[in-house]
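Below you'll find the structure, written out as structure tokens, and then a few comments.
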Amino acid sequence: MSHFAKVARVPGDPILGLLDAYRNDPRADKLDLGVGVYKDAQGLTPILRSVKLAEQRLVEQETTKSYVGGHGDALFAARLAELALGAASPLLLEQRADATQTPGGTGALRLAGDFIAHCLPGRGIWLSDPTWPIHETLFAAAGLKVSHYPYVSADNRLDVEAMLAGLERIPQGDVVLLHACCHNPTGFDLSHDDWRRVLDVVRRRELLPLIDFAYQGFGDGLEEDAWAVRLFAGELPEVLVTSSCSKNFGLYRDRVGALIVCAQNAEKLTDLRSQLAFLARNLWSTPPAHGAEVVAAILGDSELKGLWQEEVEGMRSRIASLRIGLVEALAPHGLAERFAHVGAQRGMFSYTGLSPQQVARLRDEHAVYLVSSGRANVAGLDARRLDRLAQAIAQVCAD
């Protein structure tokens, strides 16, 4: 008898599978625009100098490897909440908001999903179409009914009117996931006026906003990218925010994130945090300490924080210049207007508008690897190879 005889193989993650194919490709001029990590001009995902310095200090000063507790590192939680909500936020001053440390932004999303399923039974969750694919499977695994609202039109443009109409149809009291900035996978972000209109619908429909804040600093700046989060937290009595330190601190493998909860009052926040600690205990017990201590050290030291802010701005500006550079490289091929949206998008990703067939040709004929949806990781571009990439895109678009 085999207990596992009927256990079937499931398909691998398509993005990780793309990485495997890229690694096995022998062509010297191959280009990886699939996996969502920041790369510098040398094609490396660097450790930030601020992180290195913080780690050196921690090694010299740390005195224990004991557990950090269900809510994680308290200094990290407080400082990350300040980064997201603002140090002068009334929610923090009145103890109506706090953060629970999680293993990355993905852990924060799963904790939010379990919280909704456990504490708000019957509530569905609504995601943008398209969204990060893991949103779908993660919330389904938590037992939530997953539905979608429109976000991008058939001609690959942000469709705010369709989005608002979709939000109006969401059942009262359901949860709506919103991307704070640097929308993944499209790169299309809402304007301030758009956000105010979304807020109006969320408030009237009494929806619970869950704001995914994975890319703070990669859009228009650390403070600018927090605008929508702070708007919703300031205008609504209850908000959930998931935060990630993978991108803006470069702590991908250290798994550093948090679920920030904004409540009506301090007493209710205590109730909510007791539930989060209970749920976290059954997910990961306590989160890893090292990365959180690094972030807390950086945000708590003016010198390290200043260096980190410079490094984040350097990554942000490089991504923005690569976007503009690609559009300019496409101009001689008569494609600048067709791909003008690439320059206007924000963050690491771009919904290029390329079809799955064109993406396949880029991979097979030109060793350029994109996700089949046409999503490209702009942060994986090499400024020295923009002309080659533009020529490859022109060829697959011409036929």
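In case you wondered, yes, glycine gets a Cβ from its N, Cα and C as well.
It should be emphasised that the depicted structure is a prediction, and the values quoted were computed from it without experimental measurement.
For reference, Swiss-Prot has these:
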| type | residues | note |
| --- | --- | --- |
| BINDING | G36, Y67, W132, N184, R375 | substrate binding site |
| MOD_RES | K247 | N6-(pyridoxal phosphate)lysine |
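If you compare every pair of Cα atoms in G36, Y67, W132, N184, R375, the residues listed for substrate, the longest distance is 39 angstrom. Across the structure, G36 (substrate binding site) and K247 (N6-(pyridoxal phosphate)lysine) are spaced 9 Å apart at their Cα atoms. Sequence-distant neighbours of K247 (N6-(pyridoxal phosphate)lysine): residues of the same chain at least 6 apart with a C-beta under 8 Å from its C-beta are Y38, A214, Y215, F218, M348. When the binding-site residues G36, Y67 are compared by the number of other C-beta atoms lying within 10 angstroms of their own C-beta, Y67 comes out lowest.
Around W132 (substrate binding site), the C-beta neighbours below 8 angstroms that are at least 6 residues distant in the chain are N184, P185, D212. The sparsest Cβ neighbourhood within 10 Å, among the listed binding-site residues (N184, R375), is found at N184.
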